[in-house]
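For reference, the structure is listed below as structure tokens.
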Amino acid sequence: VIGGDECNINERNFLVALYEYWSQSFLCGGTLINGEWVLTAAHCDRKHILIYVGVHDRSVQFDKEQRRFPKEKYFFNCRNNFTKWDKDIMLIRLNKPVSYSEHIAPLSLPSSPPIVGSVCRVMGWGTIKSPQETLPDVPHCANINLLDYGVCRTAHPQFRLPATSRILCAGVLEGGIDTCHRDSGGPLICNGEFQGIVSWGDGSCAQPDKPALYSKVFDHLDWIQNIIAGSETVNCPS
């Protein structure tokens, strides 16, 4: 996160860190939505993933963090009214439930859709400088604004975004504050509700008039809840 500050240790209880297992390199963030399930971005997927829950400072090994592996991974493959931009979402079932603690607690799914103009909180261990990468040991947090989708469409002509989309657009139009590389998969929390997943942005982050794109959690609720409930057939939303 660019232009943010170190997160308060109590405001990131649901934030998880995804690593590539063999190289032990940090990949992405993710969000614990209950004891056994994590929501992140599909583009964070690797063949072998390690998930740390309850981490704050990545450089310090301490006994409060819990290590898990994906038992199952689910990708959103609905075609009707969804474009490729709307599908950057991955649901991971952990190999065993985590134990909640002082620094580990889930973030509940949203009860209503996000409202343009909302102030949203972002957080992650992504780079704090751009275009040079500087990865911090601790997660950084910042506030950005939920913008109209059309702003992102105009800002990123190279993406050729569709005229309408289920993707969220958020940032600070003056520049200086933004999610960036390796914040992917982490949460966008608007008015206290988990509304988005860090997806894509400009190569150089935090530029003026270049807000970033976030997968919209609310439009995937049925899919998420069906999978968690163990439903064999997952109906695509209309």
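Cβ coordinates are placed from backbone N, Cα and C, and glycine is handled just like the others.
The annotation domain 'Peptidase S1' is assigned in Swiss-Prot to 1-229. Per Swiss-Prot, the feature disulfide bond maps to CYS7-CYS141, CYS28-CYS44, CYS78-CYS236, CYS120-CYS190, CYS152-CYS169, CYS180-CYS205. Taken from Swiss-Prot, the feature active site, charge relay system covers HIS43, ASP88, SER184. What Swiss-Prot records for ASN81 is N-linked glycosylation site, and it gives sequence analysis as the kind of evidence.
Model confidence over the domain 'Peptidase S1' (1-229) stands at 94, taken as the mean pLDDT rounded to a whole number. A Cα-Cα distance of 17 Å separates CYS190 (disulfide bond) from SER184 (active site, charge relay system). If you take the Cα of CYS141 (disulfide bond) and the Cα of CYS120 (disulfide bond), they are about 10 angstrom apart, rounded to a whole number. DSSP gives CYS152 (disulfide bond) a helix state. Listed in sequence order, LEU27, CYS28, GLY29, THR40, ALA41, HIS43, CYS44, GLY124, GLY126, VAL198, SER199 are the same-chain residues six or more apart from SER184 (active site, charge relay system) with CB atoms under 8 A from its CB. Taking the C-alpha atom of CYS169 (disulfide bond) as reference, the shortest distance to any of the recorded positions CYS7, ASN81, CYS205 belongs to CYS205.
The disulfide-bonded residues considered are CYS28, CYS152, CYS236; of these, CYS236 has the fewest other C-beta atoms within 10 angstroms of its C-beta.
Considering only the disulfide-bonded residues CYS7, CYS152, CYS205, CYS236, CYS120 (disulfide bond) has CYS7 as its nearest partner by CA-CA distance. Sorting the disulfide-bonded residues CYS141, CYS205 by the number of other Cβ atoms within 10 Å puts CYS205 first.
Cα of CYS180 (disulfide bond) to Cα of CYS152 (disulfide bond): a distance of 16 Å.
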